[in-house]
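Sequence annotations record features per position, and here TrEMBL assigns domain 'CBS' to B:200-256. Summarising the annotation, TrEMBL assigns transmembrane segment to B:286-304, B:358-374, B:386-411, B:423-442.
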2 protein chains.
Amino acid sequence: MEEIKDLDVIEELLETKQYTRLRQKLSDINIADIAIILEELEEEELLKTFRILPKSMAADVFSYLEVENQQYIITSLSDREAANIINNLMADDATDFLEEMPANIVKKLLSHASADTRRDINHLLRYPESSAGSIMTVEYVDLKENMTVEDAIQRIRQIGVDSETINICYVLDPKRTLVGTVALRYLLISPPDAVIADIMHENVIYLNTLMDQEEVARQFQKYDFTSMPVADNEGRLVGIITVDDVVDILQEEATEDIEKMAAIVPSDRPYMKTGIFETSKKRIPWLLLLMISATFTGSIITSFENALSAVPMLTVFIPMLMSTSGNAGGQVSATIIRGLSSNEIGYRDIFKIIWKELRVAIICGVTLAAAYFVKLMLFDKSGIDVAVVICLTIISAVSIAKVVGCTLPIFAKRVGIDPAVMASPFISTVLDALTLMIYFSIATQVLHLS
Amino acid sequence: MEEIKDLDVIEELLETKQYTRLRQKLSDINIADIAIILEELEEEELLKTFRILPKSMAADVFSYLEVENQQYIITSLSDREAANIINNLMADDATDFLEEMPANIVKKLLSHASADTRRDINHLLRYPESSAGSIMTVEYVDLKENMTVEDAIQRIRQIGVDSETINICYVLDPKRTLVGTVALRYLLISPPDAVIADIMHENVIYLNTLMDQEEVARQFQKYDFTSMPVADNEGRLVGIITVDDVVDILQEEATEDIEKMAAIVPSDRPYMKTGIFETSKKRIPWLLLLMISATFTGSIITSFENALSAVPMLTVFIPMLMSTSGNAGGQVSATIIRGLSSNEIGYRDIFKIIWKELRVAIICGVTLAAAYFVKLMLFDKSGIDVAVVICLTIISAVSIAKVVGCTLPIFAKRVGIDPAVMASPFISTVLDALTLMIYFSIATQVLHLS
């Protein structure tokens, strides 16, 4: 709400060309909020306001903007202005931004950026997407073991004090191997002549540059650190990752899981920014595949045409049975997929899980069958033989559903397929066919059809 | 892997009763890893090892353990030992733990805890579950405006330097209203006689004690802070929240969404720790409700018995049509639910979304229909009239599915129902019925049935 009020004020100041007051107003607003306000402005007003921003804020605000607006701004600025923004961005933000830009713009921007910036960015651009290397920042404070606290504070002043990444300082040996960490708070309360080697914390836990971002997030969750160092295969410090990046990773991964579980090809772009063709392209492959698979379910019905024409009322229960087994299977698979992705569950647990799900299936199946039996007897006045067929099918279908629902995601992970694909839409299609086969074989047996 | 090696060593040291070496070994291992190792031990060994832990580590290790093990340890320790653990826990960890304990144990533990601890914990226990107040910690550094940097450093030494929560210090006026913040790094590089009021950062953004944890997480994502202050309705500082708690909230909320979307009553407990009756209890309500709803779908089939016996092959396509519309609807609803929960989408967007989904539906529907038409003509050699019925049904059903799939979650949120409930299982059940009605009316028209 606050932002809307600010937006009105800013639009008025822009219209009435009161640029000095505008600049003043902007410096009172938090950077993230300014970005939100800028997103609401027309392109020209956006550019005008961005240029008015105090220099010290411009790069930070820039890093919060949507890619489309970043691209618009950077191409509208002069080369020097643009290079200035790039130089002032944190290296990891600059890399994120450059990864989204066309190659010719990247080249032009980098050619104007300072040598330091260029080196940092090139360094990050070399790591595979979603690896620890690609999300780390190379801006951190490195100390030497033989420095005193006073030397260390001198070094911090020199490197710059604006970044949140200096709450932990990293102690390196001459080969740049990480030998310890010192929290800023210990520097603060230690005597100026204390030696770093004596106050540093050894046994540092670090990440590898090639570690996948999902694993990075898991390490942060495990250790509750606010930042972790990233080292290369030789143990040399190359960057650090801060917990605010981890928050973004977790959201991204959860969204990706949910999309895959809903039979959508996952996408990086937010829904409202994706065009209708791109949206359709993400949805059609699975719809098509599942549609073709569901055709087999139809042909199972055909092959039992005789049973159905002998007892036509059997058709009525088909949707209920398919839906129940699909839902029962979907419940387990969602639970297992989530457990696998948070590493709570592993392949080693498979027998424990099947045994648990079998017992849960009996409880669920019998409860549902009993409820449906009452409904059949009271409202449908169906024959006891049909009721027996339906109840036996419910119990068997729920049992199969629970077992399939827990084994498929675990096996998928085992053979390197993303388990999230084994969620409800896929599982339901498999279970529809299985349920019908169970249904018709029980019906054939109990009702003596042939 | 590291942990398994450590586990072997520790088990051997325990067996051979080399307690001094065990204690030494433990102090080399990271706290989170010790917790993982302890979880693997038998209860008695667990207790023995826990008691051997250096005092300074015991409370921290304790906070990483599973609730069951915490309860076991705390009831096995003497009252004094137990009170010692509670006193050394961070207040928010202690509160989390006490919330899980039976009331009589809580009472006993609190009676032995120090007055300070008791006050902090009672304070936190008073806030509603999942509110900012209940997850905040009350351990932070508060400064006064007229303090010098030297006074401030003195105050930090006095409050204690072990906590990560002191990277930002909070400046309060005499009424304890939050007037500014000072980053620890500025204290470090400022002259000792500088006055806090001059170096502090004003315009502090704070959370309210009653704010829901989901909103808390959203604020952290928006501002990228590593900690945020929490104030009561009068603007008085009462605690702070650190970003590592936010990581846990985000995981919890995502799991809860996924569970609700799979028609499970969400649960706080990890899957492997939940008994089969509890698991069943979380699953049966929705299964039952959806089973009963699916019965209506069955009765739609009955009411079109005549059409089906006139053209028996119409039955074959029922599973494919129901599954396709269910999947199409599930795709949209999952996307919309995720968008709503990350606040990307709101009620205001409803017409834009419907318009987008209608166009996506036409693209998806026509593509699927075309593919199925080819299949019908080439493989099934069905009549052109049946093919027309199927293709028209696919297009209409996908369109209805996309519109229902996007409107239901948005309306649900509008009237205060959790949108996650409007995911695939529920949507599919609604769509099954709608699809069959569309199918049979198109069939009746095109094939001139009555």
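In case you wondered, yes, glycine gets a Cβ from its N, Cα and C as well.
Remember, predicted model here, so these are calculated numbers, not experimental data.
Averaged over the domain 'CBS' (B:200-256), the predicted model reaches a pLDDT of 87. Outside the transmembrane segment (B:423-442), and at least 6 residues removed from its termini, the chain residues within Cβ reach (under 8 Å) are 260-263, 286, 290, 293-294, 296-297, 300-301, 304, 307, 314, 317-318, 321-322, 325-326, 329-330, 333-334, 337, 389, 392-393, 396-397, 400-401, 404-405, 408-409.
Here the transmembrane segment (B:358-374) has Cβ contacts under 8 Å with residues 320, 324, 328, 387, 390-392, 394-399, 401-403 of the same chain, all six or more residues outside its ends.
The DSSP breakdown of the domain 'CBS' (B:200-256) into helical (H, G, I), extended (E, B) and coil residues amounts to 25 helix, 16 strand, 16 coil.
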